[in-house]
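All remarks here apply to the structure that follows.
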C-alpha cells in the first residue's frame with residue numbers, strides 16, 4: 001500500500017582507526033573513548049533526524065539494511081574528535097505502484113497539492129480487516145457473529161425496523177384479501193419478522209426441485225436450519241400470473257418506495273450504510289423473486305454450508321468506520337454532498353425571485369456546495385499529476401490549485417463593480433486575510449492538537465518549513481507594502497469629528513477615519529501607490545517561481561525523501577487508477593464550471609446578509625468565506641497528523657498561505673487591469689497586524705522542528721482571539 005513509514009535512524013560510530021564502513025563492529029560504540037566521541041556524533045545525527053521528522057508507522061516495506069551503508073554512517077576520524085562527518089540519508093517511502101509513488105513524491109514538492117487519499121485501487125489483500133468488512137457483501141455467514149444486541153441494531157429498530165415491519169404486515173393483509181396473492185402475503189408476513197430485527201437471520205434463494213416425500217412422509221430438512229423446509233407454493237411454474245400481477249400492482253410499489261427511502265436515509269447517515277445495502281438488495285432482488293424461492297430462517301449452526309444461495313445475512317446495522325468508505329476512490333461524504341450541488345444550482349437559477357427560499361438559504365447552500373467541489377478538484381489534480389510528468393503536474397497545480405478561491409473572489413469583485421458597492425472588495429480582502437491567518441494558525445494548530453493526542457511529540461522537517469516561512473515573510477511584506485506606503489504618505493480623512501472640550505484648540509473625537517489616496521485628483525495613488533502595487537504583483541510571482549526552482553530543482557535534498565515501489569514477495573500489482581487522465585480532466589473542468597456557478601450564486605445572495613447582518617462584515621469574510629473552501633485541505637492535514645506526518649500538515653497550511661500572497665493577490669491585481677473593480681491593494685490596519693503577528697508567531701513555534709499538542713493549542717487559541725477581534729470590530733467603510 002502507498003505508505004509513509006517512519007524514517008530510518010542514522011547510525012553514528014566513532015572508530016579509532018577510521019575503518020571502512022563495512023568493517024565497523026556492531027559494538028563500536030562501547031569502546032573506551034566511545035561515549036565521549038559518540039555523544040558528539042549522536043548529537044549531530046539527532047539534529048539531522050530532527051530535520052527529517054517522523055513520518056508515521058504506515059509503511060508496507062522500509063529499506064533498512066542490517067549493516068548501514070557508507071552513506072548511513074557518521075564516523076569520526078582518528079584526529080577529529082570534535083567534528084563528526086555530516087551525512088544525509090534520505091527517508092525511503094514505499095508505494096504499491098508507480099502511480100502512487102508519483103503521488104507521494106508530489107506531496108513533498110513545494111507548490112503541489114497535498115493529497116492523502118489513494119488515486120489507485122488498493123489490492124484487497126493489503127487492506128486491514130476493518131476496511132475489508134466495510135466492502136464485504138451482505139451474504140457472508142460468519143462462524144461466530146457474537147451478540148446481535150448492539151446500539152446500532154437498536155438504532156435500526158427505532159428508526160426503520162418497526163414501521164417497515166408494520167408496512168409488510170399491511171401489505172400481507174392486502175395480498176391475502178386478493179386470494180390470488182396469498183403466496184406473496186405469506187412471504188410478506190415472513191419478511192415482516194425479518195425486517196423488524198434482521199440480525200442473525202438469513203434470506204435464502206432456494207432451487208426449484210420436484211416435490212418428493214421421504215419414506216417416513218416427512219418433508220425435506222436441513223441440518224443447518226433444523227426442522228422441515230416448508231413449501232410455500234403448491235401451484236406449478238415459477239410465477240403465477242394472477243398473483244404476480246396483483247403483487248406488482250398492489251404490493252411491490254409501496255414496499256419498493258419504503259426500501260428506497262430507507263436506503264437513501266441510511267446512506268446519508270454513513271454509519272448505517274449496511275442498512276442501505278440491506279434495503280437496496282431487498283428491493284432489487286428479494287421482492288422480485290417467486291415466493292417459493294425465498295426462505296427466511298434464523299441461523300443456528302453457521303459452520304454447516306447452506307443449501308442454496310444466500311441473498312441477505314446481516315449482523316450489524318452500524319459501523320463507525322464507514323467514514324473511510326469510498327466509491328470509485330471518492331470518499332462517501334463527498335458522494336453524499338454531490339446532490340447538494342445539483343439542488344443548489346436548480347434552486348438558485350430556477351427560483352430567481354426567491355419564491356421557494358430566501359437569499360440566506362441559497363447563500364448557505366452555495367457555500368456548502370463548494371466543499372465537495374473542492375474535493376473533486378483536488379482529487380482530479382492529484383490524479384492528473386500522479387499519472388503525468390513533472391511539467392504537466394506543475395502546470396495543472398499552478399493553473400487549478402487556487403481555482404476555488406479565485407472563482408469566488410473574481411465573481412464578488414465583478415458584482416461589486418456592477419453595483420458600485422465597495423463592500424464586496426472589502427469582503428474579498430477579509431477573505432484573503434482570513435485564509436492567510438487560518439492557514440498559518442488554525443490549520444497547523446489543529447493538526448498539532450489532534451496529532452498530539454496520539455503522539456506525545458511530533459517532529460517535522462524544519463528546513464522545508466523554513467523555506468515556506470521565508471517565502472511567507474517575503475510575501476506578507478510585499479502584499480502589505482502598498483498599505484504601509486499609504487499610511488506614511490496618505491492624507492488622513494475622517495467622516496465625523498466632535499470637539500470633546502468645546503475648545504477650538506482642544507481635543508476632537510473622530511469616526512470613520514481613513515487615509516485618502518485620491519487627494520489632488522489621485523496624484524498620490526496613480527503616481528505612487530498604483531505603480532508600487534504593479535511592481536509588487538510582478539515580484540511576488542517571480543519569488544514564487546524562484547522558490548519552486550529552489551525546492552524542486554537545485555535543493556531537492558532538503559526534503560530527504562526517496563520514493564520507491566513496494567516489491568514484497570507475492571505483492572506485484574499493476575496500477576489500477578480510479579480516474580484516468582482524461583476522466584480526471586473532464587471532472588476537473590466540470591467541477592470548475594460548477595464552482596463558478598456556485599460562486600456566482602453565493603455572491604448574488606450575499607448582499608442581503610451583508611446588509612442586514614448584525615455581525616461585522618470582517619468576521620463573515622475572515623471565517624465563512626475564507627475557511628469553508630479549505631475544509632478538504634484541513635481534513636487532509638488532520639489525516640497526515642494522525643499518521644505522525646506533521647511535515648505535510650504544516651506544508652498544507654504554508655503552501656496555501658504562500659499561494660494567497662504570491663499567486664492569488666497578483667492575479668486579482670492583474671484582473672483589475674482588464675476589468676476595473678473597486679479592489680485596491682490597501683488593507684485595513686486590522687488585517688495588517690493580524691497577518692504579521694500570525695506569521696511571526698508561526699515562525700517562533702516552528703523553529704526547533706518539533707511540537708506537541710500544547711503548542712498547537714497556543715496557535716488555535718490565538719486564532720480564536722483574532723476571530724473575536726474581527727467579530728467585535730465595526731464594519732468597514734462603504735458597507
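Backbone N, Cα and C atoms are what each Cβ position is placed from, and that goes for glycine too.
TrEMBL annotations: computationally assigned, not manually curated.
Under the heading domain 'Inner membrane component', TrEMBL lists 151-201.
What TrEMBL lists as domain 'Sodium/calcium exchanger membrane region' is 361-481 (among others).
Per TrEMBL, the feature domain 'Sodium/calcium exchanger membrane region' maps to 584-726 (among others).
Per TrEMBL, the feature transmembrane segment maps to 154-177 (among others).
Residues or ranges marked as transmembrane segment in TrEMBL: 256-276 (among others).
Per TrEMBL, the feature transmembrane segment maps to 330-350 (among others).
Annotation comment: TrEMBL describes 356-378 (among others) as transmembrane segment. If one looks beyond the transmembrane segment (356-378) by at least 6 residues along the same chain, the residues whose Cβ comes under 8 Å of a Cβ in the stretch are 113, 115, 330-331, 333-334, 337-338, 340-341, 343-345, 347-348, 400, 403-404, 408, 587-588, 591-592, 594-595, 598-599, 601-602, 604-609, 624-625, 628-633, 636.
Counting only same-chain residues 6+ beyond the ends of the transmembrane segment (431-453), those with a CB under 8 A from a CB of the stretch are 405, 408-409, 472, 476, 621-623, 625-627, 630, 633-634, 637-638, 640-642, 644, 646, 649-650, 652-654, 656-657, 660-661, 664-665, 683, 687, 690-691, 694-695, 697-698, 707-716, 718-719, 722. Summarising the annotation, TrEMBL assigns transmembrane segment to 431-453 (among others).
Residues annotated as transmembrane segment in TrEMBL: 465-485 (among others).
Sequence-distant contacts of the transmembrane segment (532-552) (same chain, at least 6 residues past either end, Cβ-Cβ under 8 Å): 109-111, 390, 394, 464, 467, 471, 474-475, 478-479, 481-482, 485, 558-559, 658-659, 661-663, 665-666, 669-670, 680-681. Per TrEMBL, the feature transmembrane segment maps to 532-552 (among others).
The transmembrane segment annotation in TrEMBL covers 584-603 (among others).
According to TrEMBL, the transmembrane segment annotation covers 615-635 (among others). Counting residues 6+ beyond its ends, the transmembrane segment (615-635) has Cβ neighbours under 8 Å at 114, 116, 367-368, 370-371, 374-375, 378, 404-405, 408, 423, 426-435, 437-439, 442-443, 446, 609, 652, 656, 684, 686, 723, 726-732, 735 in the same chain.
If you look up TrEMBL, you'll see 656-675 (among others) marked as transmembrane segment. With a cut-off of 8 Å between Cβ atoms, the residues of this chain six or more beyond the transmembrane segment (656-675) that come close are 111, 398, 401-402, 405-406, 409-410, 413-414, 417, 428, 432, 435-436, 439-440, 443, 468, 471-472, 475-476, 478-479, 533-534, 536-538, 540-541, 543-544, 547, 630, 633, 681.
Taken from TrEMBL, the feature transmembrane segment applies to 681-702 (among others).
The feature transmembrane segment is assigned by TrEMBL to 709-729 (among others).
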Listed stretch, out of 154-177, 256-276, 330-350, 584-603, 681-702, that has the most CB pairs under 8 angstroms to the transmembrane segment (465-485): 681-702
Which of 154-177, 256-276, 330-350, 681-702 contacts the transmembrane segment (584-603) most, counting Cβ pairs under 8 Å: 330-350
Spatial neighbours of the transmembrane segment (681-702) far in sequence, C-beta under 8 Å, 6+ residues away: 429-430, 433, 436-437, 440-441, 444, 460, 462, 465-466, 469, 472-473, 476, 479-480, 482-484, 486, 515, 517, 529, 533, 536-537, 618, 650, 665, 669, 711, 714-715, 718-719, 722, 725-726, 729, 732
Helix, strand and coil totals (DSSP H, G, I; E, B; other) for the domain 'Inner membrane component' (151-201): 42 helix, 2 strand, 7 coil
